[in-house]
Structure formats: structure tokens, C-alpha cells
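Sequence annotations record features per position, and here TrEMBL assigns region 'Disordered' to B:1-31. The transmembrane segment annotation in TrEMBL covers B:33-52, B:59-78, B:84-105, B:110-130, B:178-198, B:228-248, B:268-293, B:305-326.
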Amino acid sequence: MLVLAVRSLPVRRLPFHREVSAMLIAQVIVNWLLLGSLYAAVALGFSLVWGIMNIVNLAHGAFILVGAYTAYWAFTQLHIDPFLGLPLTMLLLFCLGWVVQYVAINRVIRAPFLVTFLLTFGLDLLIADVVQLLFTSDRRSINTAYSGFGLTLGTLHIPFDRLLAALIAVLLTAALSLFLQRTRTGNAILATGMDRDAARLMGIRIDRIYALTFGLGAALAGAAGAMLVELYPFDPSQGGVFTLRAFVIVVLGGLGTPWGALAGGLVFGLAETVVPLLPGIGPGYDDAIAFALMVLVLIFRPRGILGKAFYA
Amino acid sequence: MFGSWHKPSTSSTATAEPGAEQRPAQPKSGTRWPWSLLTGLIILALAALIPLSGDAATLHTWTLILMFAALAQSWNFLGGFTGYASFGNVFFFGVGAYSTGLLILAGRPFWLGVLAGAVAAGLLAFLLGLPVLRLRGHYFAIATLGIAEATRELVAIRNLGGSGGEVELPLPALSDTAFYFLFWLLALACFLLTAYLARSKPGYALIAIRESEETAEAMGIPTYWYKIGAFVLSAVPTALAGGLYAYWSTGFDPPTVFDVGISVEMVLLTVLGGAGTLLGPLVSAILFELLSFQFQISGSTFHNSLLGLTIAIVTIFIPQGLVGLVQEFFRPLAPGMSRRQLLVEGVRRVRRVIAANGV
């Protein structure tokens, strides 16, 4: 209708452009929110493990990978929808994370951070390689019955699967926050994060709390992986990319609370969505901008946007 | 945080004791410094015999081993001695490679490119160090990682040297043996520099910063400038290695010379060998790279799994590094102990070290 009006009245071209750019801006905002929340899911487990255990888990990307391939396997072999199968994926990843922490990382938890850095890097190599052996290095994607469908408001398009993923990401953030604040176990995790030795004196089994925390971190990574494989084609080389992004997101948002991951995810999503649209820059600079942003945040506000001392 | 990495005795020397003057503060490698120096020089002298084998594959492998030995040793200046773990030192490798590549493409001799790369890397380390060395621990690691990653992307997008940042160089005028000895010289220079740092005032200042930055500052060490100096010191040999690698490989692209894997390898080799020790990075570069090449040759499908498993096992069981373990094992015991008692005591100590890092 609008197009017709413009054709008949060439003088009114300006409002037409304004209309289009308004819709474009709305679409950019929607894309940003959807992507940003998804990134929050990517970083949530990473942020938890870092905040509580002071471990930068370089195997985070490998857990995302395992989650993605579990969802892929369940979908192609057992015909389980990736979103419905999410609890199962998370349970499997929880067990994997629990075992990794109990068997390996707990042994060097008091060593300086370089050691855990290297250990998780080794685990990342190992897990990613096993995934590649099992599933080959081909790109995989999931096509559900509702892939490609979405809500359409005028020119505004919101894909169902992305919307669902964003909602689940926000739900997971809220659930983690509530779990940490409202339950006894959650409080024990927080207490361990604040002061390991004091927590032990209060009767908390540190090794179990660490295994639980790492398991939760892996489960959240698995959830992110299951949602990612539903949205984007996936291959085993991508684990490292997501570890790096989780890094940046957590730094941007700050270590304080699960909501820091959401804030960081939104900032990172903003950089990735908006920067390529700026005149004179074009696509491809998004990661460079994100890393530059991260370095600036580190120097001028090392605690991140929502950062506090610990999970509280 | 870094205090627990080394024997507590080194940090306790900072406190004023009556007998402190008779017992000067020494780094971990200090007690056996002459022996470490001699062992290292013998290893390097033996490495100089490799080209005699005449086997091109062996020469190739050992060229890379010496390159990684130089990289790990230069990482050790900042990461091992000063305790600032950079995860983006590959940035300087890339700077060296691109300076050399671009100057060769512009028709200049290669040595000019390598030197220009070293100067550029030194300047960049100084300028970047000004803001970045105010950060500590994880945050310093991540900031340096971010710089390297962002540069890799920028070089690729700006099409530096060619489409996508791919640089194609003419075949080098030097023989493979000449390249081998250039890398050998670099590794030797890094080793001698490490030996100097382990036994000199600037080196002690860096170790003091690692053990306690506040104490070092209070003792009158200008910690900030020492840290920047160590950063420059670790950047220059890295850039030299990058420049040599660029000319040797005759072609490279941003994912190769800005590969995070190279940064991680520098950290890995130093920590496996023993951070802040004289021999550690050199020995582990040789052992680990040989092992890595063996995995690559024997079965490429399991290469990364075996590498990952090795890293995991080594970090779990000897988190203080090979040199630290050997020193702990051979630390002087009470006189009059039999060899058997000595062995039992050594094993007990090693087990205690392993157990000390757990929950």
C-alpha cells in the first residue's frame, strides 16, 4: 500500500525511506535481543565456573560441542526435538562435567590459574577430538518442522526457534539466579565461591560443591549447544570460537551474578548486530570490535557492567 | 596467587631476618644455576649437530623445535619470571612475520624485515604494555588474547599483503641449514638471556614482582617499568622468530601466524618445563615437540586426543613442571642416608607436592 502511494507521489519519497528505516531499526533491535540472549546462554555456565571456582574453563566450548552433537544425535536417531530434549542433554552434560571435575580438576584446584588453564585446554582438545572421531568434521544442522517459520508483523520477522531459544536463555539465567539465592545447595555454592576455607569449616564438602558447580556449568553449556545446533550449522571446529566468546561476554558483563552473563551477552550481541551496519565499516569487523570493547572494559571497568566481587 | 607456584621459601626471603644478608634471595633455579647453564649449553651444542644427519625431515622438525624453544623461553621472561601470563604473545610473532613479509614484497632484503619486525614489536609491546600491564591474573591473560585475536581479524579484513592477508613470498636465498642455525642462534640467545635474568639484579626484580608486587614496590622497585621492560624483552625474540618463520615458510596467512595455538604452546611448554626456571622451557620444548611430532606421524586421527590427554595427565600429576619435580626429587637430604632411603624420601616428597594442589 505504501509502495503504491510512493509510486503515485514521487515527491513523498522521504517518508517512505523513513518508514523503511524505522522497520529496519525494529528488526535490528529484535535480532539484537534474540542474539544477545542466546549469547547469554553461551556464557552462563562459563561465568558460574569462573565466579565460584576461579577457573577459566577452556573446555567450555567442548561442552557446547557435546551438547550440540547430543541434540543432533537425539534428533536424527531418536527423533527427539532439540528443545524438548533439552533436559536430557543437560542431564548428560551435568554427569560429564561432574566426572571431569571430580576426577581431574579437583586435583589441581589449589595450583595457580595457569595449571587449570592448561588442564582445561588439554581436556578441550581431548573432548573436541573425540566428538570429531564420532561425528566426523562435516557440518551438521537440524531442520525441524517449524524451522524457518516465525511471527511476521509487517516487515518484521521473528523466527520461532530463535524466539524460543532466547526465552529459554533468559529462563535459565533466572533459574540459576533463583537456585543460587533461594536453595540451601545454591547458598553452599555461593559460600564456597566467597571463601573456600570458611565454607569448609561450616561443614560444606568442597569437592562435591565444586563437582556440582562444574556439572551445572557443563549442563548450561550443553543447553546452549543444543539451541545453537538448532539455529546454525555446526561442526567440531567451532568449540574454541564459543569459548572465546564466552570469555568476552563474561568480561563485558562482569562476574558478579548470572545476570552479568545476560548483560554481557546483550552488549556482545549489540556489537555483532549493529557494527556491521555502520557506514564505512561493513561486515567482518564484529569480532575485532568485540575484542577491542573487551580490552577497553578491562582497562576502565575491570569488574564489567554488572560485576560484583562474587556471586551474590 | 603466584606465590603458591613456587617454593614458599622464596617468598619468605622478602621478610627481614637477622641472617638475611648472608643468605641472598635466589630464584628456584639459582641453587643449581651453573649446572643448569652447563646442561642447557650441552643440549644446544648437541642440537647444533642435527644438520649433520642430512635428513630433510629431521632438520625440519628440529627447526620447529628450536623455534618453539625460543618462543617458550621468551614467554618465560614475562610469564615465568614476572608472573604475568600472556595468552596473546603470538601477536608479536605475527607482527614479526608481517613486517618481514611486507618488506620482502617491497623488494627489501629479508634481514631488514626481520629487524624492522623486532623494532616494531618492541615499540608495540611498550605502547600496549602501558594500559594492559595494569591488569593482573586472568584479566591480563584475556586482554592479551583479545589483542592477538582482534589483530588477526583486522589483518585478514584489511587484506594486508594479499587477499585475506595471505602473503606469498619468493623462495628464500638461504639454505634450510642456514635457517636452522638462525633459529639455533635465537634459541641460544634466549637461553643466555634467561641465564642472565636468573642471576642478575633486573631478574631478581622481576621475580620479586611475581612473588609480591606490593612488597616489590615497597622495596623501591619501579614495578610498572620493570613489567613493561619484561614485556618488551619477551616481544622482541618472538618477533624475530616470526620474521624468520615467515621467510622460511615462504607463505603464510593470518590464521597461521596469529594462531592462538602458538600462544597456548608457549605457555604450555614453559609451564610443563617449569615456569621461571632456566632449563624448563628448553627441555620441555624438545621433549614435548618431539612427542607431538611422533603423534602426528603415527596416527593423525588421534593426534589431538593424545596431545590433550598428555597435557591433562602432566598438569594433574606435575603441576609445578618437570624441572621443579626433578629438583624436589634431588633436593639435598640429611647426610648418611642410604640410596634406598633417598629414593623413598624423594618419592614421598613428589607425592606430597602432587597432593598439595588438590581440594
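Using the three backbone atoms N, Cα and C, a Cβ is placed for every residue, glycine included.
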Report task. Using a Cβ distance cut-off of under 8 Å, indicate which of B:33-52, B:178-198, B:228-248, B:305-326 has the most pairs with the transmembrane segment (B:110-130). Result -> B:228-248
Query - Beyond the flanks of the transmembrane segment (B:178-198) by 6 or more, those residues with Cβ under 8 Å of it - result: 27, 29-30, 33, 36-37, 40-41, 44, 47-48, 50-51, 59, 62-63, 66-67, 69-70, 73-74, 76-77, 81, 172, 206, 233, 237, 240-241, 244, 247-248, 278, 281-282
Query raised in the report: Among B:33-52, B:59-78, B:228-248, B:268-293, which stretch has the highest count of C-beta pairs below 8 Å with the transmembrane segment (B:84-105)?
Result: B:228-248
Query - Contact between the transmembrane segment (B:228-248) and the transmembrane segment (B:59-78) (at least 3 Cβ pairs under 8 Å, separation 6+) - result: yes
